[in-house]
Amino acid sequence: MIIDRVEVETINSFSKSELLKEIYGLIWILPILALLLGITIEVLVIVWLEREISASIQQRIGPEYAGPLGLLQAIADGTKLLLKEDILPSRGEIPLFSIGPSIAVISVLLSFLVIPLGYRFVLADLSIGVFLWIAISSIAPIGLLMAGYSSNNKYSFSGGLRAAAQSISYEIPLTFCVLAISLLSNSSSTVDIVEAQSKYGFFGWNLWRQPIGFLVFLISSLAECERLPFDLPEAEEELVAGYQTEYSGIKYGLFYLVSYLNLLVSSLFVTVLYLGGWNFSIPYISFFGFFQMNKIIGILEMVIGIFITLTKAYLFLFISITIRWTLPRMRMDQLLNLGWKFLLPISLGNLLLTTSSQLVSL
């Protein structure tokens, strides 16, 4: 049988195109894998920092046996949870019980899509970036409520209801603060918001133009993360462990992971919205402006931008950890009153003032 040369070339070109498609598919996945690896490392660092700072505040010795300076303690804890038995409640709603932790984790991970960690380092630069984050973060309480309801446990159900009520109470002031920032920057893109703060360096940060909004955003973020003094959904003295009471093994570890991922996301958004993101603090000066732009300088600029962003984010982390061991837990009525009667009117007034100033400046 004689094979036509044209047919052979067609087959070869088809195989090459398929190979190129596979290569492009792998290249597209690489940034996501790099981001997931970075998130994992950051969570391990945050857990270690919290334990060390907490030990310092309480004047005791922190973790020191698992690895040098206790750096591997979080990995040891995660490995232990992986090896634990996954116990299911005999009278609970098993499908909802299993889905709840996954919904919480996925909703938090999706928030990283719109966070610009450095210059030209963002997975999705969307024109509605900040509002996409608010919409996605509103899904997490559904997973917590499902976890509490499906456990068939009064403590778990109470914790799930508290989580839903707390999220709704503080989501609205948070949204008003983000709206004010969006009006000031004339954009809802996270990248545009960072670039709008770059002209005057340290003095161009939204922190100085929105001090009231910054404080409201800070308090609301802590409440959304369910950190002390806002950890009512899992108050140990009242609800054993809240919606986590019936969970064990890897599913309990997922809730543990969600709390630190929430803290990391909130820290990064405080940095992006109010602290200038990856920008230097010196106005009108760009270190890389003295060099001819090429790939190496571009990569170096991105790496330094990521370092600056994370350094600013760790400031919020330090504040949240310090607050945890400084302020006592609030009652549920105090928490709701703070959200509805105090933060909501202040954030709404701040939004109206920002809107008025923008209209006057037109």
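Backbone N, Cα and C atoms are what each Cβ position is placed from, and that goes for glycine too.
According to Swiss-Prot, the feature transmembrane segment maps to 27-47 (among others).
Residues or ranges marked as transmembrane segment in Swiss-Prot: 94-114 (among others).
Per Swiss-Prot, the feature transmembrane segment maps to 128-148 (among others); the stated evidence is sequence analysis. Through the fold, the transmembrane segment (128-148) approaches residues 96-97, 99-104, 107-108, 110-111, 113-115, 156-161, 163-164, 167-168, 171, 174-175, 178, 181-182, 188-191, 193, 224, 233, 242-244, 247, 255, 258, 262, 265, 269, 273 of its own chain, all at least 6 residues removed from its boundaries and within a Cβ separation under 8 Å.
The feature transmembrane segment is assigned by Swiss-Prot to 164-184 (among others), with sequence analysis given as support.
Residues or ranges marked as transmembrane segment by Swiss-Prot on the basis of sequence analysis: 202-222 (among others).
Feature annotation from Swiss-Prot assigns transmembrane segment to 247-267 (among others).
Among the features that Swiss-Prot reports, transmembrane segment is placed at 303-323 (among others). Remote same-chain residues near the transmembrane segment (303-323) are listed as 42, 46, 49-50, 53-54, 57, 116-119, 121, 218, 221-222, 225, 227-229, 263-264, 266-268, 270-272, 275-280, 287 (criterion: CB distance under 8 Å, separation of at least six residues from the stretch ends).
Distant neighbours of the transmembrane segment (335-355): 165-166, 169-170, 172-174, 176-177, 179-180, 183-184, 210, 212-213, 216, 219-220, 223, 230, 232; these residues of the same chain sit at least 6 beyond its ends, with a Cβ under 8 Å from one of its Cβ atoms. What Swiss-Prot records for 335-355 (among others) is transmembrane segment.
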